[in-house]
Amino acid sequence: MGRLNLLLVWSLSLTLFLNYLHPTSAQLSPNHYANICPNLESIVRQAVTNKFQQTFVTVPATLRLFFHDCFVQGCDASVLIASTGNNQAEKDHQDNLSLAGDGFDTVIKAKAAVDAVPQCRNKVSCADILALATRDVIALSGGPSYTVELGRFDGLVSRASDVNGRLPQPTNNLNQLNSLFAANGLTQTDMIALSGAHTLGFSHCSKFASRIYSTPVDPTLNKQYVAQLQQMCPRNVDPRIAINMDPTTPRKFDNVYYQNLQQGKGLFTSDQILFTDPRSRNTVNSFASSTNVFNSNFVAAMTKLGRVGVKTARNGKIRTDCSVL
């Protein structure tokens with residue numbers, strides 16, 4: 001019996017030692033780089049601000065990049081990997097081809113700025129830089145600033161096939177949205193809060209054309225909004241044409257997205273369903289009526305999203321080049 005107890009104690013000690021060497025996602029910390037790269041957040045913020053001053057597209061592009069990364073194999077910067085001759089990476093999946101290059105460029109520039117500091121060089125993961133840059137673009141566009149948990153490692157795999165069925169689609173209904181978000185440990189309230197990111201950014205006409213040119217036209221759409229959309233996106237429009245997701249305040253991170261839904265001005269079916277389905281309508285109304293309520297729920301959901309599928313030293317690394325495994 002004494003020998004058994006000794007083995008149990010030894011096993012427990014070994015487990016604790018390994019956990020110390022390879023922290024789990026639960027051990028992410030805002031202070032992870034305090035002694036490694038103490039000025040990390042200010043370095044990233046300056047690089048992101050410089051990029052933001054060049055083009056506003058930096059904001060929606062970086063935010064969308066973070067979502068698409070975390071929803072496929074977790075927040076591990078696998079979406080940044082470039083395809084090679086023998087591997088088609090995540091970024092080249094059909095669902096990711098519309099990711100704007102300015103999002104990738106934001107991370108590249110922030111990574112270069114971090115690595116220009118000798119103390120920080122090759123010690124900060126691309127995944128953490130993307131998480132910080134996402135927080136910064138939200139704040140730069142008028143949204144809340146919040147504490148970012150850090151300590152992610154970069155993923156070792158990036159396969160286009162892993163994207164299949166993982167990302168929300170413009171035609172999704174509430175059950176489909178809830179299922180996709182639940183797969184990442186996120187609730188319906190989290191999903192509705194994160195959908196508020198559609199207060200920024202743009203969409204190509206093909207993503208919603210069926211709503212405005214069907215017979216009859218989607219009845220959940222505001223009729224005046226339909227006329228505006230048909231004018232901006234005529235039949236056989238240039239496929240490169242894109243329009244604002246939020247027709248009211250497209251360059252400001254705010255809760256107007258939810259007010260638009262109340263008026264039938266959700267661009268995608270997956271937007272408008274949040275108001276038309278009675279199961280989610282009360283949350284939309286709550287967010288529409290209070291900026292503070294929306295912001296606090298958005299920050300909580302972003303923090304939860306940032307913990308999804310986090311890699312440790314055991315199953316990740318810190319890349320020297322964010323686009324190369």
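Cβ atoms are placed via backbone N, Cα and C, with glycine included.
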Cys322: disulphide-linked cysteine among Cys75, Cys120, Cys126 [source: TrEMBL]: Cys126
From Cys120, Cys233, partner that TrEMBL gives for the disulfide involving Cys205: Cys233
Set of same-chain residues at least 6 away whose C-beta sits under 8 angstroms from His68 (active site, proton acceptor): Val79, Glu90, Asp95, Asn96, Leu99, Leu167
Nearest recorded site to Cys233 (disulfide bond) by CA-CA distance, among recorded positions Cys70, Cys75, Asp246: Asp246
Cα separation, Thr249 (Ca(2+) 2 binding site) to Cys75 (disulfide bond) (Å, whole number): 29
Site of maximum Cβ density within 10 Å, from binding-site residues Asp246, Asp254: Asp246
Nearest-integer angstrom distance between the alpha carbons (Cα) of Asp254 (Ca(2+) 2 binding site) and Cys120 (disulfide bond): 34
Residues within 8 Å of the Thr199, Asp246, Thr249, Asp254 Cβ centre (excluding the Ca(2+) 2 site residues themselves): Leu200, Thr248, Pro250, Lys252, Phe253, Asn255, Val256, Tyr257, Asn260
Cβ packing number for Cys75 (disulfide bond), 10 Å threshold: 31
